[in-house]
């Protein structure tokens, strides 16, 4: 055992219950010879969590935490991100990216409670998650020891992992292996790897979990009304709900209509491109409805400036900078812009499409029929537009005149 290993007395492991983190748990026990605490965050994975406690104990965990973080996840992580209308590279609603900071936060809280001197995760050395986890760890404790097995061990193939599992009595799932990996929470489910690495191949229909195939969705559209207060969704069809309940409800409705499927070849933080296929039914509906209420309540120039910040905000979330001062600065500006975003949006769901068909605000509407109508001239003198156009065209006319002299 290396000296660095001897210095570690207790490790808190972010444990999913899958084969990889089960192998990691046993490997930590074997290589570090210390106490290992397994921690699983309930972010809405569903049935996946049921066997985790027994599995962790059977694999060698000295203690197990399974914490229900669904409400905190949606209220303090998903909703702030949706107030920013964040979207990565035009398609990805950041379902995995936004989950990692919360998992790391609770993991570090457990480390403090338990007096652990190290934390560990199951992210590979090629992916984004190692960065997201570890940036968060160091935010909470700059001196924490991070154990990243994928960057240490020599188990560099799937067969090597299987052999290690067999040697150490770790159960290997007997169910037919699906040729892709997945990650699920209340905001989305993601798929990557395996057959999806063929960028020309269409994902098989049996891969999808949350959504019906659009062509098999109901032939009749469904209309949904979503109420917002200060930029946060608070009710669906007039029924008040908690953040997690609301998102779960929209996931079900959206899934029935095939809403929220995305197939993206994205740029990872580490520099390589990677294909991700995502199902985000509730999130897709929320973003559409939120934008609709903004249209009727938000000042034009405030919206323009906020919109210019969306790519940077999304990049920070994707790259793992949730706890950074720059993300917090942007959040302050964005949240100030959301004070007026109070109203209701009506969206139409039909065979994979989510479209706004109405929006209203009783308290913050900036739409005035007298100003906007094409039928009256009582409050807007159309002749005034002549001066407006001439002033705004000045730089273009000067440019044309100067080019004419060349």
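Each residue, glycine too, has its Cβ placed from N, Cα and C.
Around residue 20 (ATP binding site), the C-beta neighbours below 8 angstroms that are at least 6 residues distant in the chain are 122, 161. Taken from Swiss-Prot, the feature ATP binding site covers 14, 15, 16, 17, 18, 19, 20, 21, 22, 41, 122.
Among the features that Swiss-Prot reports, L-citrulline binding site is placed at 92, 97, 128, 132, 181, 190, 266, 278. The local packing around residue 128 (L-citrulline binding site), expressed as other Cβ atoms within 10 Å of its Cβ over all shown chains, amounts to 20.
For residue 129 (L-aspartate binding site), the number of other Cβ atoms no farther than 10 Å from its own Cβ, over all displayed protein chains, is 21. Residues or ranges marked as L-aspartate binding site by Swiss-Prot: 124, 128, 129.
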Original post:
Taking Cα atoms as reference points, which of the binding-site residues 18, 124, 129 is nearest to residue 92 (L-citrulline binding site)?
Top reply: 129
Subject >> Whole-number Å value for how far residue 22 (ATP binding site) lies from residue 132 (L-citrulline binding site) (Cα to Cα) >> reply: 21
Subject >> When distances run from the Cα of residue 278 (L-citrulline binding site) to each of the binding-site residues 18, 22, 124, 129, the nearest one >> reply: 129
Original post:
If you count other Cβ atoms within 10 Å of each one's Cβ, which of the binding-site residues 16, 22 has the most?
Top reply: 22
Original post:
Looking at the binding-site residues 14, 18, 22, whose Cα is closest in space to that of residue 128 (L-citrulline binding site)?
Top reply: 14
Original post:
Among 92, 278, all listed as binding-site residues, which has the most CB atoms within 10 Å of its CB?
Top reply: 278
